[in-house]
Structure formats: C-alpha cells, structure tokens
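Asks: This is the structure I want to talk about, given as structure tokens.
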Amino acid sequence: MNVNQQTPMASPYGPPQPGYGQPSYAPLGGGYPGPYGPYNGPAAAYQPGAPPQGPARGPLTSAPRPVSTPQAYSQYPQGDSQNGPPPMDHSMAQPAHRSPVSQPYSQGAMNLSGPHPSYSQQYGAPPPMQQVTNQMSGMQIGSGPPTSVGPGYAHHPSTQPPISAAYSSAAPPSYTQAPPLSAAPSQPPPPSEPAASQPYYGGPPPPQQQPFPSAHHPSQPFVSSSPYLGPPSQPQAPPVSQQQSFPPGPPAQQPFPNSAPPPVSQASYSGPPPLTQHSFPPSSQSGPFPPISISPSQYPGPQPQSQPGPPPFHSGPSPRGPVPPPSMSQQQANHLPPGPMQQQQPPQPGMQGGYPTQQNGAFGQPRGPQPGYAGPQYPGQQNYGAGPAPAPAPPAQKRLDPDSIPSPQASELPAVQKSRHRIDPDAIPSPIQVIEDDRVNKSSEPFTTGVKGQAPPLVTTNFQVKDQGNASPRFIRCTAYNMPCTADMAKQSQVPLAAVIKPLAMLPPDETPPYIVDHGEGGPIRCNRCKAYMCPYMQFIEGGRRFQCGFCSCVTEVPPHYFQHLDHTGKRVDCYDRPELSQGSYEFVATVDYCKNNKLPQPPSFIFFIDVSYNAVKSGMVNIVCQELKTLLDYLPRENPEADSVVRVGFVTYNKVLHFYNVKSSLAQPQMMVVSDVSDMFLPLLDGFLVGVNDSRMVIESLLDQIPEMFADTRETETVFGPVIQAGLEALKAADCAGKLFVFHSTLPIAEAPGKLKNREDKKLVGTDKEKSLFQPQSGFYSNLSKECVAQGCCVDLFLFPNQYVDVATLGVVPVSTGGSVYKYTYFQAETDRERFLNDLRRDVQKPMGFDAVMRVRTSTGIRATDFFGSFFMSNTTDVELAGLDCDKTVTVEFRHDDKLSEDTGALMQCAVLYTSCSGQRRLRVHNMAVNCCSQLADLYRNCETDTIINFFSKYAYRSILNTPTKTVRDTMVNQCAQILACYRKNCASPSSAGQLILPECMKLLPVYLNCVLKSDVLQPGADISLDDRAYLRQLLSCMDVSESHIFFYPRLLPLVKLDGGSLPMAVRNSEERLSKGGVYLLETGLHLFLWVGANAQQELLSNIFGTPTFSQIDPNMTSLPELDNPFSQRLREIIDSFRSQRSRYMKLMVVKQEDKAELIFKHFLCEDKSTSGGASYVDFLCHMHKEIRQLLS
C-alpha cells in the first residue's frame, strides 16, 4: 500500500510558509558539518557535535546489535558508484567513498522486457495488458472521483491538462532553485482557493492542484509503502547527483554526496501485474532521501505494484539477482537503484505533465522514450511508451508522483544551490492517510474476534466488534498479534510484547456487554494447577468428564453439575449456551471465598472533602462544588438505572483543621464537629457521617447551602492534605466498606501536619541529572498512606485548583496508587472553567467502577507477565491491586519469554479482575486473548499495532524519568526504535541500497509518533511548562488507553470548510504548513479543543460560526460557541459535543485568532513541526532515524 499518505496534492494550503524551517543538507563535497543540522534548538536528544562515526549506541536492552545481513544492501561495495539512493545520514555521507556521477546508468533507452543487467533492481517482463488493466482498475486515472483504493494509497492522479509552466512561478520561497529542474512546479496551489485545495483524500485533486505533490525534493525520505498505484512504466530520469539548494540554514545531512540520487520509491509507474496474493511484502521501498519504503504488510487484498514484474509479497529477505522470480518483483521494485533498465516516457496527456519522470530515484531531466518498448496502454489513454508517443512535455511540466523525488541536474544549479536538499513532507508517511485508509477498509464490516492473531482496526476507526472467543480490542489491545517463538527472536527485533488492558471499558450501544455467569455455591470452574478460569481455550476430553487447561496443560475433573456431553467435533453440546465456553469476555458472580475476610462486602461509600481555605473560596470553587453536589447526588452510580443507588455519602470541609458533618436524617440541621489535632487523625462520629442520599436529602441540602456562607470571609490560607486522606480512610474502616474520596484542594499543604510539604520547584534542575528528583515524591509518607488505602479499598480522586506550585508529583501519589485520578484546573476562574470542572466531576461521580479490585494476568507456558504500568499498587510480583477501578483506567502489561512458544498452539493470556460492583456484589471479570506465534521475523512485523507500541513506549519512558535523566530516556527510545526498524530492514526487506529508509507497512508511522512522544512536555519541556504540569501529564498518561494516547500525541486537526451531512471533514496533518489563512480549523488534543481562525477567513464562515462577519470582532476569550440558527453552527457544535463525549476528560474550547499571542499554545500541538523546546520536526527526525538505522546496519 502506498505509503504516501499524503493528500493527493501538494500542500493543500498554499506554499509552505517561508518561516517554516526546512531541513537543509550539507554541501555535496564535504561530510556532515558538526551539528546535526535539522535539529535546531537545544534538543537534548540529538546533541550537536559530530555524529558518531563509530558503532551505534548500544541497544536499549542487552540485545546484541543486529548483525549485518548476509547480503550487502547494495550490491556495490561502499566505494563503488551506485545508482541507489544515497546515504541519508551523516556518518555515511562521505564523498570520499563515492565515485563521481558516472553511474552505470545507461541513458540510452533499453527494452524493459529484455534481459536485465545484474543491477540489484529486478524488473520482470512488462505486464500483460490484462494485468495492467486490472491494476489500473483500482486506481483512477480518468476523471471522476477515484474509487477508494483499499490498501494502496498513492494519490490518484487527476486528469487534467498539463499545467503550464507558469504555474511554477509560485515556488515557495524556501527553495530557490535556479532554473527549475524540469520538474513540475514544486509548490502547492496558491492559497487563494482555500476551499478547493481542501483535500478530501480519495477524490481526485481539484483542478488547480497537482495530483501528486510535486514538491518533492530530492531528499525526501520518500516513504512509500509498497504497492503504489500508478500507471506502468514510468519515465525515468537520469540520476543527478546534485542537490537543490534551500534557504540557508545550518547544513545538515547531505543525502548523496556526488552519487546517484536515491531511488525513488515505488513510484515508478511501471504497472506491475496486480498483486493478488498479499502475503506480506517486506517490500521495502525505495525513495530518495531516505527513500522510505514501507512494506505493505498488513492490508489484505490485491494491491497494485510498483514495478512491472511479479508480485512481491513474500516474507523474508528476497534473493536478489538479475531477474527476480515473480514473487519478488515488487519488493525489489520498491527499492531499486536506478539502472539502465528504467525507461522514460513522455507525460501522458491526461495527467498534468505526465507521470513523474522519476523512477527509483533517478532525478533530473526526463529521458526520451525507450526505443524498443511501447509501454502498455491503458484503456482510454494514450500509449506513453516509445512508438508514437506524445511530444515530450516541456520541462516545467514534469509531474512527480509522490513516490519519487526529483533533484535538479547538477548543471542546472548555481554552485551555491548545489548544496542543500529538502525533503517534501508530502513524500513521507502520513498519519492522516493511514487513518483514512483504515477507516475506509475496516469500518464497514464488523470485526469478529474469532480469528486468532488478527490485528484489529485502528483506534481511530469506528467499527463494531463481535465477540467470538477473544476479548474485544476495546478491552485488550496488543503490540503484536504474532508473538516471536523464542526470546532470541524477541530480543533481536526489539518489538515490545505488551497488552494494554482496559478491564471495565464501556462498550458502544450496539455491542453486548459481557454476560454474567452464576455457578452458584460452587463458584467458577478453574484449572487445578494454574487456577485459570474456564474459557474457550479449555479442551474437554474423555467424553466431557475432564478438561485439559490451555494455559498449563494440566487435566482437571469436570464437577458433576457442570458435566455435558461432547459432539462429534469434541466440543460440548452446550458450548454456545455458555459465555465462558464461547466468548472472549464475561463475568462470574464470585462466592464468599473470593471476598475479603470471607464475608460479603458492604456497598461502597463516597466522601467529599472540600478545601475551604482563602484561595478555594475566593476562586469560586467552594460555591460551585456545593451547588453541583445537590443535583449530582441523584446520579451516584448504580447498576439498575431504575433503582436508587446504594452508595452512601459523607461530607468534610478543611483548611488546616478538619470539619466533619453529621447529616443524619433525624436532624433538623447538620452538625459540625471540628478536629484540630491533625497529627493523630480520628473520626469524631460514626452514626450520621455516612448516610443514604434519599434518607437525609433535606439535611444534606441544608449543609451544602450553608458551607459557602460559613467560610465566605475566611482568612485562613494554609491547608493540610495527609490528614484529609487519613480521615477518609478511618471513616471507611469504621463503616467496614470500600469507597472513594473526592478531594477538592487548592494549595501546597504547608500547615504543620503529617504529610506537610515544602516548595521545591527549581527550574534550574530541568535538563540536569537531578531533574528526576522533581518527579519523585518528597517523602515516603504518601506512599505508605496509599498502601493502607489500597488494603481498605479506599480510592482517592483529587481535583486541584492551584494558582502556584502544589507539588503534583507528591500529592498525586495516593490517587495514582489507589486507582484514582488527578484533575488539575490551574488558575481556576469560575466563569471560564466552571463548565469543564463540572463536566469532569459529573462524569467522575457517575461512571461505572469497581472497588477493592485485584487483577491477575495468566499466560500459557512460554511467556509470562513481567512488568505492569498504570494507577495501582503491587504488593507482590503478580497481583495488581486497585482500591478503585473505573471504566477509563487501563493496565499495561509487558510479557517476556521464559521458554519457547510453538507456532501450532500460539500464546494465550487471561486477565481476571476480582472486584466489588457499585451495588456491593463481588464479581470476577475475565478477558481472554489468543495470539499467533511465529518463527519468521517477517510474520512478526506484519502483525503489529503501532498505536499500542507507542502507548507502551510512552508509559515506559514516562516511568523511566523517575530514575533516569530525560536525555538518556529519549536516546534509549530512539535507539530501540532504530533497532526495530534496522532488524526489519536487515531480515525482512529485500536487499537494497543503504540510502533508502525502508519501513514495515504496519510500522511506517512509528517514527512520526515516536517523535511526538520525544517532544512531549514531559520528556522535552518548553520554558513555559511548569513542573506540576509535567508531573500531572506523566501521571495522566500512565493509565491512558490506546485511543487517548493516540490523540494526546498526535492531535486531530480538522479544516472546517463544508460540514454537510453526517461525516466529518477529512483531517489534515499537524503542521503549520497545512493551515490556510482563509480557513478555520478545529484541533483536538484529548485535553483541549482549539478553534483556530485564519486572518483572511471568509465573512460568511465567521458569521456562521461566531455571528460576526469581521475577524477583529471575534472574542478570543469565549469558551463556548454562540448557538446560532444556521446549519453550519449547529453541525460544528454537534462535532464538538461528539468529540467531548468520546474523551474521559472534558475538553475546554479555546478560540485562537491567527497571529494572536494564544497562537503559540496552539502551535505547540502541531507536532510535525519543530517545537520551541528543541524537538525535531517530523522530516528532520525521520532523517535522524535513518542515520541511526544505518549506523546499526553498518
């Protein structure tokens, strides 16, 4: 599938803005300059200094560095001149090793179908007409909207007349190349047509856009995933060794020192026969800069191929020889160095300027058609091979396909311009395109879980799940659905083996929640040895009298009451009547044996602790909480919506002393009891503290009315915090129940009391080895207190309203250890933050949750759970203890091998959670998951889930900063990611020039997402990020599920142009280049919503959204949109509401006007651009990643 996931055109919104720092590359002649150019800024992770020329950094774990492949990547020794893509990283770009441009590249035409020279490229014979037609049927070259071409995602060329040369006058200021290479204008359409240029992926680009971004600059890491869609036999341009120059800037990597340009990835439009078999193309693709090739590995279905020749999909390195066997051509096609056999065709009239004249990295002037070969013809299109070809297009019309990246001829550039290269962002894998393709391909059919080892749709796709024996991906997502059979293989690949488990996840209305199974007094049926619960993986034998455990193979007697006969296939005849035998997820009613102290639990209680110090009262927080609780108490959690909730409630206010309230139903007025000895906390009353809401409603309402009045004139500024938690714990102990404390707190607890804290905020430590101490709690007091809370089932949710440092790293210890949550409202103002706080509070009080929970993950022989991430406490190595577990919390589990796995049996895991429901019933929720095992690395790389890998990596990194300097953590992550990709390159991709960056199809977004993690505020903070914010985000991420971590790291940017119908507009990539001054965009980060308004937005648009036609009249302080009576306004508000409903935290809306000061905050979330804190742009990071991979391979 073609990886260019970019919009089918050049940047949709006009030329890149001049200020956008484009990476520049070093002069041709020299090696790399000391500092790594593209990374400007103090990015600690990529320190300036000469790049290491020696061995790469050690791997993250103790894994050995991957050994080099048996075959060299290019068949030429490093010193030979080769037409492959040039090296992309510093260490490799030493011109000394390369001969001058005299590549063995025959400029003469050559018959593609004749014998091929022994270059490493392999072309098969030209595809027969039928194949070409089949292939083209998936790709629209005519007019009319293209069909959604499943997996291949090259952009559909549109049928427009060739663009006139004048078009190139709009070249973006950023690359001043002298005479335009004969390439199509390399710039996006002018911004004057915002609406037109809005790409709706999948439609042919509007006429004024070029179908393929022609802004490919030579060094784009062209990333293309293997199959590309395009007409066959593309013109080939001769290699050029020079680079285009770009605006001055520190020179950075120079991709190819005087060597042939990198091969362009599959863009070579030589239509291969349609692939019918999609087994797994480790095909790497070539692309120039780091030609990135993505091997399609995961999308089933025929895919068009790139070079003529047989389908590539086979896994494992493919042999390279002069003529590939049919099954490999695609792989090779994907990264061939340009060679004599490529032919050039004049542009096809129907396309602008013809197809790209570049094929496989040959840049420069188009060559004439090859004499002996009349290219295949597509129905309705002119022949564009030799023979009666149309006259060659004028140079300025040369069209590029997204997979190829042109470079001007050396002779065309002035000397100063020969030195720099820029990678076109449109030529590298686009998250938007991957998300869109997954949505198109996988949202229509329900995802059935019965197929073992099948990767689910992405978290961004809206799909329905049918449970057929494995847990739904809403409950469990794995990093890899093919586990390596051996520990050595796992170590070699460095792909983390982990599962993100969300045991109590809410399901959409069209899916059935897990069934509840009650086996009566006997309780659930379990394996005698490993204690796994009955599940679909148990094998009944001896006519049904015994069963063999799928986890440990032990044989257990079936209790008489559970006996049932087997049918002719060996299944029980009641298999489909029992959820535990046919479903992946279900619940058992637990017996008294599963209860604490062997007695059934009491219903849980909620206790509200309200800070009534000066800051809390002045901000309006106390008043808002008290007013809201009066209505919120009617919405306490319950299982039966018709019945009243059995949860009891209690109330306490505090500053540096605690005030308990007796709200017994028999009282006319509430009574206050003050405990001023906070050093030895006790509960001053038992009867009347925890009450049923309906019994004591009048007294409770009276209390909530009085609290704001009682403390309205307080002058007390100091608060305590430790005694507050101790008081709640004592109250739950006295009532002998589990429960939850809701603590509303405003300041650093500096009053004399247990758990007193001091202000230790020290910005000077940021970036030093001592920085890690700022994320650790100040003392062991709260860690010990949280252990007591977990033992009692006391979960703590903390709502913070700070105006200055409050040491979230320490205050958050109890919430994080007890399965609770921290909510933070910095500089809380009643009028602007009220809505966000109240929505969070309502959801927090109402959401389904379990109390006093214990979770254990069992696995089949060969692997075991070794590490856990999330909000919980562990007193031993196997049991995850949670005082509270709600529907938003996840626990991430890492697995390691302790023996070999077998491909026949696969690997099994069972997550069992024992908890008390909100009605007081003890339950066991069981989720089962079976994955395949593989002995070939190619199978592992075919079935990974990048979003889950990033979720795991981010949690691992965020935890590591407690003990390791952040720079080391970032370097470790880069190194592990490089090892994952280098292992793929070495063992699964067909050999190719080292200058290409080859990515596995299902991991082609790993670099962009990893860069977002590395640039996040926790790992690479800007100067304006407080320590409290970093500690808050670190704790927040620890229990995020995959869909939330995805939007957190790669926010969703929607252009608000046409909002007709029920579908959302197509998102655009997170880069300032994608913003049009004439547009309005909605950015969702999972914690915030931004509405960015361009300075030239149309009056009609502004009137529809804000009710005012002029930009200057928009109020940037509004937090909600006016309710206007027009379809656009209604639809926009519906979209905002639906985004909010999908997230666990309410997202406050910020209106950002272009060039306003708030725009800096907005731009901070445009994660494909450089960050102000020194984080690399996506393009620069991809180059850096390529360099790391090449160091590992060399």
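Cβ coordinates are placed from backbone N, Cα and C, and glycine is handled just like the others.
Below are the features I grabbed from TrEMBL:
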- 1-438: region 'Disordered' (REGION)
- 37-48: compositional bias 'Low complexity' (COMPBIAS)
- 68-83: compositional bias 'Polar residues' (COMPBIAS)
- 100-110: compositional bias 'Polar residues' (COMPBIAS)
- 130-140: compositional bias 'Polar residues' (COMPBIAS)
- 161-185: compositional bias 'Low complexity' (COMPBIAS)
- 211-222: compositional bias 'Low complexity' (COMPBIAS)
- 229-238: compositional bias 'Pro residues' (COMPBIAS)
- 247-264: compositional bias 'Pro residues' (COMPBIAS)
- 288-327: compositional bias 'Pro residues' (COMPBIAS)
- 354-388: compositional bias 'Low complexity' (COMPBIAS)
- 524-562: domain 'Zinc finger Sec23/Sec24-type' (DOMAIN)
- 601-845: domain 'Sec23/Sec24 trunk' (DOMAIN)
- 850-933: domain 'Sec23/Sec24 beta-sandwich' (DOMAIN)
- 946-1045: domain 'Sec23/Sec24 helical' (DOMAIN)
- 1064-1136: domain 'Gelsolin-like' (DOMAIN)
Asks: Count the residues of the domain 'Sec23/Sec24 beta-sandwich' (850-933) that DSSP assigns to helix (H, G, I), to strand (E, B) and to coil, and report the three numbers in that order.
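Replies: Output for the domain 'Sec23/Sec24 beta-sandwich' (850-933) reads 0 helix, 55 strand, 29 coil.
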Asks: Name the range, of those listed as 524-562, 946-1045, 1064-1136, that has the largest tally of Cβ pairs under 8 Å with the domain 'Sec23/Sec24 beta-sandwich' (850-933).
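Replies: Stretch with maximum Cβ contacts: 524-562.
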Asks: Reported in the order helix, strand, coil, what are the DSSP residue counts of the domain 'Gelsolin-like' (1064-1136)?
Replies: 24 helix, 12 strand, 37 coil
Asks: Taking only the residues in the domain 'Sec23/Sec24 trunk' (601-845), give me the average pLDDT of this model.
Replies: 95
Asks: Per DSSP, how many helix, strand and coil residues does the domain 'Sec23/Sec24 helical' (946-1045) have?
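Replies: The composition, in the requested order, is 64 helix, 4 strand, 32 coil.
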Asks: Using DSSP, how many residues in the domain 'Zinc finger Sec23/Sec24-type' (524-562) fall into helix, strand and coil?
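Replies: Here the numbers are 6 helix, 11 strand, 22 coil.
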